[in-house]
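Asker: This is the structure, below, for whatever I ask next.
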Amino acid sequence: MNSAIRRLAVAAIVLMLALMANSTYLQAFKANDINGRNDNRRVRDAQFSIDRGPILIGNIPIAESKESNDQYKFLRTYTAGPEYAPVTGYYSFLYGRLGIELNQNSQLNGSDPSLAFRRVVDVITNRDQQGAAVSLTLNAKAQMAAYRGLAGKKGAAVAIDPKTGKILALVSRPSYDPNELASHDLNKVGASWKKFTEDPNKPMSNRAARELFPPGSTFKLVTTAAALSSGRYNPDTKVRSPAQLPLPQTTTPLMNENKLNCGGSDNATLTVALRNSCNTAFGSVGLELGADALREQAEKFGFGERQLPELGAVASQFPADPNPPQTAQSAIGQFDVQATPLQMAMVAAGIANKGDVMKPYLVESVRTADLKTVSETKPESLHQAVTPEVASQLTQMMVDVVENGTGKPGRIGGVQVAGKTGTAQTAKDRPPFAWFTAFAPAEDPQVAVAVMIEDANVPRDDIAGGKLAAPIAKSVMEAVLGR
Amino acid sequence: MSIASTSVIQIIPRTRRGVELMLLIIAIAVSVAAYVNIGLTVQNKVPASTGYYAAGIGLLALIAHMALRYRAPYADPVILPCAVLLNGLGVAMIHRVDLGLKAAAEAAGTKARGPAAPQQITWTAVGIILFLVVILVVRDHRRLQAFTYTAGLVGLVLLVLPLVPGLGADINGAKIWIRLAGMSFQPGEFAKLCLVIFFAGYLVVKRDVLTLAGHRFLGLDLPRARDLGPILIAWGVSLGVLIFEKDLGSSLLFFGLFLFLLYVATERAGWLIIGGLLFAGGAFVAAQIFSHVQKRVSDWLDPFHEVGGQVSTALMGQAWGGLLGRGLGQGRPEIAPLRFYGQSDFIISSFGEELGLTGLIAIILVYTLIIERGLRTALGCRDIFGKLLATGLAMSFALQVFVIVGGVTGLIPLTGLTTPFMALGGTALIANWAIIALVLRISDQARRPQTPAAPVSDETIAMAVQKQ
């Protein structure tokens, strides 16, 4: 009998070992998976009760957790909510996270592996887990200038430091107040969410990075870059520029905005064509270069790939397989060409940085609560879009646009500005999109900017990129240059 | 096989009551520390009820200890402290979930249910009283053999009691409760004790017949077909429990115990195979037919398929606890939909969340100690009835712990068995204290010197200790 009892004793141990092994699998190996589940209320509640790190510009917090005496220990507070909402996003109990709050979540809540040592110290010294501070590249003055400039309008502005790719300003209007979503009064949060999501003006759309618009004539910079890079053109090359350009396979000709030829000539130089933003000239250049060359050039500026992972920006597009008339339309930024204001700012920034497009980024550095640097973003080159020679030719042409052409409202006294206007028609019954993209100073660029106005609430004939968007771009550049 | 050929382990006759007292003090200290810790983290103060709790658990443990000292001096010294520790930690966790439920009710503006921890201490007291009764009244476990068939009958009656109309209560789909005078009881907990006595007494008599070999098949001695009667009856009864009371856990427990004892009595592995196949077949058919079994199986295969399921919420709690746990009082064991199940069926998940993998494994090891000390008692016991009884009681803990802990941690489908000594519930606690008393009574006999101890040299002691 004893041998049977001994066997049962072994069997009992095996049963207990199975329990221990299963619990080990669950609590040691599978725990991360389970903790990461969306329906895990414990984790969500707990995250809402930890001292989440601030989001900073310089040393000034634009989002921080303040102690609160309600069901959670901390209330996420946004000091200039709507102004920075497209960047910070929100941190909501009911609706999760967005923007930097989403992308930098593990740093902000302190759970990131890079903060593991910090956490151990916190445990030993019996302190509550503290999140790290995330410093952004934004320039508060530029952000303010863009936000004020777009007041009362529907649109977006993005400013980039062309030499590094740092995002200096990123604004989308109309905006929303993330404080309303971070509130601990969950009924109010629900009502605000409904208000924001049902508003026809879509205040929660990030027009700067997550929405696509026809770039219109600002895309002519890409067409010009492709032309100059092909070796078959220089700034003085004469191109066909009649008032109407007949297109193959269609009876509808391409027409200039003013229904005249280009600067008084049917064969204007590329420089003159850009100065006056002549559709027929760039349509014919586009036809000669072909869609593939245009697409390749566009991709070198960053089209076709998602930029700025911090905000999950969408990829700008050049149509996949346009026929010749569609190619001509695409060359002037119409048809199916779609771009974010961020992308058009990158085009200007690439030209400004001698053709080297820097990878745009928003997170300057991550620091622990006691100001030790955890990580710092190093500038990275994305693509060499054009050669330095072509970049310098383009710069000269863009300076000419601002000094003598459609971009005059973008001029800054004492500083040479290089820019390009755009006015994209989409449908007869909706106002066109007004664009302006520029950089300054032309000889040593400190800032590249793109401004897009979707709906300015002004009479239709008043709309032109130069008149509407350029002054805003100008004030953003002035803010960066300290003027 | 006869008694003569059964090896009896040589045990050095020492009472070890001093060791037991030391272990008891540690068990009480750990429990009280847990209780105070919970008060400090949840309410920022030493709970006012600490005195009541410490005195309650401490005094009861010491009374049990004194009873052993005077009436069963050679009883195993490890089992009582282990049971006290589990009981004490259980009450502490019940108190912790009480606090959590109270806070949740305050936040929601509703009225909290009264605290369950004082109730559990009262049940502990009743349990210890029954413990004393068993130790004092049952002076020799062999006397229980006379009640073999009475115990069997009582066990069966207790088993079917919840099916009596007007008496039984349906809780969570399982009909294993009865309501009497405004209180709920789980008669199955005492049925377990009665049935083990019955199985042991019955097998002592029938083991020789059941040992007769029938056919040899694949190297196994299969029993004769005409001897299959008892196992088929046990199988039928346990299937009845499964079908009519919808309680897979109890069904598995009763049938498993019978099988284990049959195996120990006959040493024929063939019985295990036949029994295992019978149970697997029954469970498989049940899983095809009954929706409540199907639900348990699908919850086991994919615990996260529904948001806010009990098992998934419990697993999230354990994951949240990780290696070291959130700390006592710092988890969310009362989170919906677990709520007060965090102190009953899912109490082990509550420990997993707050004490982490480390604490959970420690608790499982304490259970393992009780089980293995119980089986050790069976090895040392000199009579067959006692061997079978001790084996059955020890294995009842093993099966119960495996089924309920395995169920809430997702190892096997969840079935409703109580977590011995820890889970909130009076009947189970009292029955478990009676079982522990019986095991200790047998161990007293097993460890007691048969003849007045002859003086032994240190060398023999050393050799015997090694042999152990």
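Each Cβ is built from the backbone N, Cα and C atoms, and glycine gets one as well.
Marked as transmembrane segment by TrEMBL: B:21-38, B:50-68, B:75-94, B:121-139, B:146-164, B:184-205, B:225-244, B:250-266, B:271-290, B:355-372, B:384-409, B:421-440.
I would like each feature placed in context: is it buried or exposed, what are its neighbours, and how far apart are things?
Answerer: Through the fold, the transmembrane segment (B:21-38) approaches residues 46-47, 50, 53-54, 57-58, 61-62, 65, 77-78, 80-82, 84-85, 87-89, 91-93, 95-96, 99, 328-329 of its own chain, all at least 6 residues removed from its boundaries and within a Cβ separation under 8 Å.
Taking Cβ pairs closer than 8 Å, the transmembrane segment (B:75-94) reaches residues 16-17, 19-20, 23-24, 26-28, 30-32, 34-35, 38, 53, 57, 61, 64-65, 68, 116-117, 120-121, 124, 127, 328, 333, 343, 347, 350-351, 354, 363, 366-367, 369-370, 373-374, 376-377, 419-424, 429, 432-433, 436, 439-441, 443-444, 447 in its own chain, all 6 or more past its ends.
Within the chain, the transmembrane segment (B:121-139) has long-range Cβ neighbours (under 8 A, six or more residues past its boundaries) at 52-53, 56-57, 60, 63-64, 67-68, 71-72, 87, 91, 425-426, 429-430, 432-434, 436-438, 440-441.
Tertiary neighbourhood of the transmembrane segment (B:146-164): same-chain residues 175-178, 187-188, 190-195, 197-198, 200-202, 205, 237, 241, 244-245, 254, selected by CB-CB distance under 8 Å and a gap of 6+ residues from either end.
Beyond its flanks by at least six residues, the transmembrane segment (B:184-205) meets 144-145, 147-149, 151-152, 154-156, 158-159, 161-162, 169, 171, 176-178, 230, 247, 250, 253-254, 257-258, 261-262, 265, 384-385, 388-389, 392-393, 396, 418, 425-428, 430-432, 434-435, 438 of its own chain at Cβ-Cβ distances under 8 Å.
Here the transmembrane segment (B:225-244) has Cβ contacts under 8 Å with residues 156, 159, 163, 175, 202, 206, 209-210, 212, 214, 250-252, 254-255, 258-259, 262, 271, 274-275, 278-279, 282-283, 286, 290 of the same chain, all six or more residues outside its ends.
Same-chain residues lying 6+ beyond the ends of the transmembrane segment (B:250-266) with a Cβ under 8 Å from its Cβ atoms: 159, 176, 188, 191-192, 195-196, 199-200, 203-204, 206-207, 210-211, 223, 230-231, 234-235, 237-239, 241-242, 272, 275-276, 279, 283, 378, 384, 387-388, 391-392, 395-396, 399-400, 403, 415, 417.
Outside the transmembrane segment (B:355-372), and at least 6 residues removed from its termini, the chain residues within Cβ reach (under 8 Å) are 78-79, 82-83, 85-86, 89, 318, 321-326, 328, 348, 394-395, 397-398, 401, 405, 420, 422, 436.
If one looks beyond the transmembrane segment (B:384-409) by at least 6 residues along the same chain, the residues whose Cβ comes under 8 Å of a Cβ in the stretch are 3, 6, 141-142, 144-145, 192-193, 196-197, 199-201, 203-204, 207, 249, 252-253, 256-257, 260-261, 264-265, 311, 314-315, 318, 345-346, 348-349, 352, 364, 367, 370-375, 377-378, 415-420, 423, 435, 438-439, 442-443, 445-446.
Long-range contacts of the transmembrane segment (B:421-440) within the same chain: residues 68, 72, 75-76, 79-80, 83, 86-87, 89-90, 93-94, 116, 119-120, 123-124, 126-128, 130-135, 138, 141, 183, 185-187, 189-190, 192-193, 340, 343-345, 347-348, 363, 370, 374, 377, 389-390, 393-394, 396-397, 404, each at least 6 residues beyond the stretch ends and with a Cβ under 8 Å from a Cβ of the stretch.
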Asker: Near the transmembrane segment (B:271-290), which same-chain residues lie under 8 Å Cβ to Cβ, leaving out any that are not at least 6 residues past its ends?
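Answerer: Sequence-distant neighbours of the transmembrane segment (B:271-290): 210, 220, 222-223, 228, 231-232, 235, 238-239, 242-243, 246, 248, 252, 255-256, 258-259, 262-263, 297.
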